[in-house]
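The structure under discussion appears below in the form of structure tokens.
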Amino acid sequence: MAASVDNRQYGPLQPPLSGVVRSFKNGPNHRADSPVRGCNFPNSNVDYNNNRPLKSSVKIQEAAAEEMEDSCSEDENENEFRDLIVKGNRELEPSILDHRDEGTADNWIERNASMVRLTGKHPFNSEPPLNRLMHHGFITPVPLHYVRNHGVVPKAKWADWTVEVCGLVKRPAKFTMDQLLNEFRFREFPATLVCAGNRRKEQNMVKQSIGFNWGAAGVSTSVWRRVPLCDLLKRCGILSRKKGALNVCFEGAEDLPGGGGSKYGTSIKKELAMDPARDIILAYMQNGEQLAPDHGFPVRMIIPGFIGGRMVKWLKRIIVTTKESENYYHFKDNRVLPSHVDADVANAEAWWYKPEHIINELNINSVITTPCHEEILPINAWTTQRPYTLRGYSYSGGGKKVTRVEVTMDSGETWQVCTLDHPEKANKYGKYWCWCFWSLEVEVLDLLSAKEIAVRAWDETHNTQPEKLIWNLMGMMNNCWFRVKTNMCKPHKGEIGIVFEHPTQPGNQSGGWMDRERHLEISTESNQTLKKSVSTPFMNTASNTYTLSEVKKHNSPQSAWIIVHGHVYDCTRFLKDHPGGSDSILINAGTDCTEEFDAIHSDKAKKMLEDYRIGELITTGYASDSSSNSPNNSTHGASNFSHLAPIREAPVSRRVALAPNEKIPCKLISKTSISHDVRVFRFALPGGQDQALGLPVGKHIFICATVDGKLCMRAYTPTSSIDEMGFFELVVKVYFKGVHPKFPNGGIMSQYLDSMEVGSTLDVKGPLGHIEYTGRGNFMVHGKPRFARRLAMLAGGTGITPIYQVVQAILKDPEDETEMYVVYANRTEDDILLRDELDTWAKKNQRLKVWYVVQESIREGWEYSVGFITENILREHIPAAAEDTLALACGPPAMIQFAVQPNLEKMNYDTKNSLLVF
């Protein structure tokens, strides 16, 4: 843990952030060509930037006047909230077109560079640094408001946008934005939004959930201008319960991959939707400005006291129904399942569809924000003579008021009651929609004897927070006591101090006492015997630690180390045994590959990895390379230069795009449908027309994308020739949801690719694979040369692509006399990929023979085999076993295990040496 003296900050004494930022003119956060630019609000009541009323229609003013009697408490706070908004904006650096959004469909959106990105480049899921969030206090500036996006932000225009109300209503209608603005009463009020995953990383440190790593800043408060939902539904004549109107569903505009392709949607009960006490609204302004693109421009739902997942952004449809929403995200998101339910059990036993596990209202929660993580409190004559002020926030759900916050410094033996600050007043129904703040002065000498500080809150129903964390599959609603650990340190020669440690740091940032204790726990449970490998001396796995720079040196076949979840592994002796070949390890050697490892490995593989652990990564208070996408939020770094344009190294021009250990961004430039479920995707290379992909024949690439907040990586073999310049092509079979009984949700990556818009970008990594065809019958297999005059090439389904690549390379060389015998199995004729190309090549070249096998023929006159690959089929259509004959195979594991391997053995093939499986 890093310690500093000269530039350290002290929680209650820390300087305001305005010292390192500049004032700027308030305005929308987007560039000149943004589709939301130029939208104005002719009937807005208040210009917050100039603190003066704006023109408003008589109709709206009259409607507002009718509410004056009941809105005193809100109006009393209006000037105070306005001042907070203006002050917060003036202290905030301008948002920028972040280089991390280059090559994505969100590249037009300006964002605050200090936001901590939780899911890589795209989609944009982020939270502000906790200390910045708390600096602004009650009202969060829009650029620092947490963001939860499932996919691409829709490009919307105010003039074209409509919201449809349909279903069980007497008068279905579509409302333009101007109608929503001019024809309905409005009032502004503050509401706190919280992601149900707030504090999830604490759960992930105990056991990995299926969600990404939210820290404790997935919470923000804004002032929202609104159209009451109940008014809109009354205008449309919502039907009664007796006539079946039981639920109100909301649907957004974004196209998402979940469930095989869908919009984001959810629902609430009709009684809630029509309850005026709930203040459920269609919001079109946030903190006195139009909604930002990331927050739902031009209109979104706000349901105070509920989790953020119910507040649909980019709202397009409101449907009154009898049943609750049947949207994929309504069922497969925002659930708290029992702790024993893992992903397999949840799917097998349909836990997702049990209504008792849905999350609506927030639970009671509280967090310690001062002291900051890794803050150092020096112990000297001056600091011990004055109290130290602990601070934090708290919130509850359903409009319930937080009534008490308590702090313990002796593990719950005794509790001290904190001072509460409630900046909001209740609405006329007694509801509280916002967070509050707590503080407690403690003696520094008491901190010296405390091992930890913990906080818990109570609301008006006397609910409080549990002492211990309760894990659940989605990692949601974590509200156990928030604990900050204390340790003694020597920040400078002759000084001692107390260093404070929060449980975790958000995203993939390392740090936090849970991270440290997890490492120690695993070390204790691991085999304590000494281990030795080719590349490392004897070492004790429980005590060895390494810096990132040390690990970086081990990036070769002679010594291949990787970092996963803060542990260091020496994988050198596993290189020859890895099913995907040594490239699969070497491509990440010397790096932190946590996300990629988790994306493509099973639980079994993760357990196997423990055999290769040699120590732990040393973490400091400063950002490492593995967290370079996040700002340096250490409390020891007082300077903030996030308002400056980042200095980036110019990319080195190179003839080939692929480079080991690097992900390269490639833009989708065309998408062609070959059939109802087969697509050809063409991706441009970053180096333009003078650059080749650089993929050796026989090897593959990883396609990387963030889907539903998690990194997804899949191996693909391009079908374009290796000498194509400026682009590569993939032929992909899209596995849609609900088609294959064994895979009801379909293929994650293939559906994601199908949903991509032309112009959007994904990452590519490679080359990978243990087989390389070097030409004229020569192969390199696991680094050793092999030769064949004849090739038996056996493929199943999409496994044709590496076979196709080798065939293509051989036929391109007129001096390559290698003979090829392809047997290609599929379910039906319609499933055969690249058939036209294969048939054309076979007619023109005597070196190539192609035979098809289908499980069932759906057309008359089928002249090839029906059924499965059998010994007889192979004897008729591939060469006999010989020293100069190799078999190449790629397809489903069952085909390789039960059809290819045993039947080749019956033909006397040496399958250990002469069968090469891609």
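Our numbering is plain: 1 for the first residue shown, then up by one each step along the chain.
Cβ coordinates come from backbone N, Cα and C, glycine included.
According to Swiss-Prot, the feature Mo-molybdopterin binding site maps to Cys195. Annotation note: Cys195 (Mo-molybdopterin binding site) sits in a coil segment as assigned by DSSP. Non-local contacts of Cys195 (Mo-molybdopterin binding site) by the CB criterion (under 8 A, 6+ apart in sequence, same chain) comprise Tyr146, Arg148, Trp214, Gly218, Val219, Ile307, Gly308, Gly309.
What Swiss-Prot records for His578, His601 is heme binding site. Around His578 (heme binding site), the C-beta neighbours below 8 angstroms that are at least 6 residues distant in the chain are Cys571, Ser584, Ile585.
Residues annotated as FAD binding site in Swiss-Prot, with similarity to another entry given as evidence: 714-717, 731-736, Phe743, 748-750, Thr801. A sphere of 10 angstroms centred on the C-beta of Met749 (FAD binding site) encloses 21 other C-beta atoms.
Marked as domain 'Cytochrome b5 heme-binding' by Swiss-Prot on the basis of sequence analysis: 543-618.
Residues annotated as domain 'FAD-binding FR-type' in Swiss-Prot: 661-774.
Marked as region 'Disordered' by Swiss-Prot: 25-44.
For the binding-site residues Tyr735, Phe743, counting C-beta atoms within 10 A of each C-beta gives the highest total at Tyr735. In the domain 'Cytochrome b5 heme-binding' (543-618), the DSSP tally of helix, strand and coil residues is 32 helix, 20 strand, 24 coil. For the binding-site residues His601, Arg714, Lys733, counting C-beta atoms within 10 A of each C-beta gives the highest total at Arg714. Mapped onto three states, the DSSP output places Phe743 (FAD binding site) in strand. Reduced to three states, the DSSP call for Tyr735 (FAD binding site) is coil. For the pair Lys733 (FAD binding site) and His601 (heme binding site), the C-alpha distance works out to 22 angstrom. Summarising the environment of Thr801 (FAD binding site), the number of other Cβ atoms within 10 Å of its Cβ, over all protein chains shown, is 22.
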